Amino acid sequence: MTSHHTPSADGLGFSPEALGDTLGETAGVAEPAAVTVVIPTFNESANVRELLHRLTDSVPARLPCEVVFVDDSSDDTPAVISEAAQDCPFPVTVIHRESPEGGLGGAVVEGMKAAGSDWIVVMDADLQHPPSLVPDLVATGEKESADLVVASRYLPGGSRAGLAGGYRVAVSRGATWLAKGLFPRALRGISDPMSGFFAIRRSAVTAEALKPLGYKILLELAVRCRPGEVAEVPFVFQDRFAGESKSTAREGLRFLRHLVGLRTASPLARMAAFGVIGLTGFVPNLLALHALVTAGVHYLPAEILANQFGVLWNFLLIEVLLFRDRRHHRHWADRVGRFALLANADLVLRIPLIALLVGQFHLAVLPATTLALLTTFVLRFAGTEALVYLPRRDGTARSRTGTARSTS
């Protein structure tokens, strides 16, 4: 559901002549650049009124502005926003999502799709991101011809003071090091990839390429969209104005899954991860084999049964880590059956292939086995992608339904 509050001004249709003293005269920019402030909210009714008040005080009249809230709340946050928006000099839109797909990152992408400005500023609703910095982010981007401007806690003059406790500071710092270590090229020039406060040109965003999961939307944008020139400004991470942090251990796990998904986005990287996951399957396989043989089961049926434990283990891991975004194309039972069939076909194919390599091509047993393992691995990976996780051609794949919207 979408609701709008539009003031009597002309929305974003400003011209430099009508603005008088333009943003360019104070920031070295030729003319003011319109900005859409995208704010994801989840039960932030105690903060949004003060947030809009500070945005009104911070954004100069010469800077064309609109605010888009994307709300996943279960409280009265949308109603509070609509009421507070009556006093704002700029348009305020509320998009309420009944199904919060993608978490906070998904909400931001939804807001970006609704943005009507050259610049998009993303910030939190809890006032830990100071609204007074919004004009500076846009001005810096225009002045330095940047595609992305990040508000960084790690520049001189910046601070992470608002992080509650040493544990959250350590987690934030560790997540930053991990992300920069995994994506050194994509995050070059970004000292704070965990920041949720940044400005990006709308032209630098390819919304269709984004697959957000949880809080860290800047990391998603930097890796998948690869904006060109990057600039940074320091900022002090503030204390929450009201309410409690939404950061949880569950969000930490989603972040790790997100990192794996980003790191394995290319087919080659995905194949390597598929191989590593396959190796981990030896552990449940051997444990099950030991238990079955100890229980008196003959080793041949025990081998077959134990192999199924490894298959199930591998299936669960690739579901969560490699193909999370493709699971909706088929029912879970269909995916399990196809994956198990491919995994067991690998076992059936490998023995005749080894016999062929040894008998016809006179390879020694060890290199023949190695070549057979590599061949069946590549075939199983290709088969898993093509037969388990690709969309159906007949158009009967299950699709995720979007939230219906009405405009008032």
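The backbone N, Cα and C atoms fix where each Cβ goes, glycine too.
Fair warning: this is a prediction, and the values are worked out from it, not measured in the lab.
Per-residue confidence over the domain 'Glycosyltransferase 2-like' (36-205) averages 89 (mean pLDDT, predicted model). Residues or ranges marked as domain 'Glycosyltransferase 2-like' in TrEMBL: 36-205.
Feature annotation from TrEMBL assigns domain 'GtrA/DPMS transmembrane' to 274-388.
Using a Cβ-Cβ cut-off under 8 Å and counting only residues 6 or more beyond its ends in the same chain, the transmembrane segment (272-293) has close neighbours at 260, 263-264, 299, 302-303, 305-307, 309-314, 317-318, 321-322, 377, 381, 384. Under the heading transmembrane segment, TrEMBL lists 272-293 (among others).
The transmembrane segment annotation in TrEMBL covers 305-324 (among others).
According to TrEMBL, the feature transmembrane segment maps to 336-358 (among others).
Residues 267, 270-271, 274-275, 278, 318, 323, 326-327, 329-330, 335, 338-339, 342-343, 345-346, 349-350, 353-354, 357-358 of the same chain sit 6 or more residues outside the transmembrane segment (364-390) yet have a Cβ under 8 Å from a Cβ within it. According to TrEMBL, the feature transmembrane segment maps to 364-390 (among others).
Non-local neighbours of the transmembrane segment (336-358) in the same chain are 307-308, 310-312, 314-315, 318, 330, 364-365, 368-369, 371-373, 375-377, 379-380, 383-384, 387-388; each lies 6+ residues outside the stretch with a CB under 8 Å from one of its CB atoms.
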